[in-house]
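Lifted from Swiss-Prot, the feature list:
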{"type": "BINDING", "residues": "Met51, Gly200", "note": "substrate binding site"}
{"type": "BINDING", "residues": "Arg127, Ser173", "note": "ATP binding site"}
Amino acid sequence: MKKCDLDYTQSICDALNTLRQQKPLVVNITNYVVMNNTANALLAIGASPIMAHSQEEMAEMMSFAGSLVINIGTLDSVWIPRMIYAVEQANANNKPVILDPVGCGASALRTNTARQIVALAEQLTIRGNASEIIALAGEQAQSKGVDALDSSDKAIHAAHHLATQNNCSVVISGATDYIVTTTATIALNNGHEMMPYVTGMGCSHTALTGAFAAIGEPTGLAATAVLGIAGEIAARDAAGPGSLQVNLLDTLYHLDEAVLREYIRINLVEEGCH
């Protein structure tokens, strides 16, 4: 492992320790399908989740929360103004915004709403699958509803465009996960092939990204490593997706620095690292 890869590993370990000390509050405007999954993932890693969808309380919430997670999985016309207002309040309070553009490219409503949030958020991290990232950037994507048909490496160019145009970090989920910032592209090769068979796994990834952003790690690197490693370990004793989901929460809860260092497979794809 190169020195710069070791430096990234140390930063991931430090971020996990800090998160558990600070227990940040993460405001989630997320979809009906995954609220329970994402709340449990946040609790297991050491954060404090709240599912707040009311516009009337959002100014108060964002005044003391650590970050805002927006997930457009069950989007409708009622939710959109609430999401926009929440982003405005996050901006007003200098708080990071994490966007999960679920199904971006599958409909004009999803694509336009996601792009509106990207344009508005001042401290932004985007986490999506390859097809969502490609569509969000305005390129031609292949998707089936909310599922990606593009491999994660096919979205790197689109992620670079989004990161550069919006001064943000972009996380591409897939068999290999990529973290794309304005200065580096990092590949992580953890996780397990069973993980896509658990609904809300990507949404949990986004929520964890919000937890780490709340303590000053907005790139998505720590969240991606933590979830990938936890999923890999949880799958060892899982008979199928059902037991994987339960095992994952237990593994997140018990995850520590020694396990992170043992399992992490990280590679700096692009930057001045020799």
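Including glycine, each Cβ sits where the backbone N, Cα and C put it.
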Check your understanding: Distance between Met51 (substrate binding site) and Arg127 (ATP binding site) at the Cα atoms, whole Å?
Key -> 19
Check your understanding: Which whole-number value in Å describes the distance between the Cα atoms of Arg127 (ATP binding site) and Gly200 (substrate binding site)?
Key -> 13
Revision key, fill the gap. Smallest number of other CB atoms within 10 Å: among the binding-site residues Met51, Arg127, Ser173, Gly200, that is Met51
Review point. What Cα-Cα separation, expressed in whole Å, is found between Ser173 (ATP binding site) and Gly200 (substrate binding site)?
Key: 13
Check your understanding: Reduced to three states, what secondary structure does DSSP give Gly200 (substrate binding site)?
Key -> coil
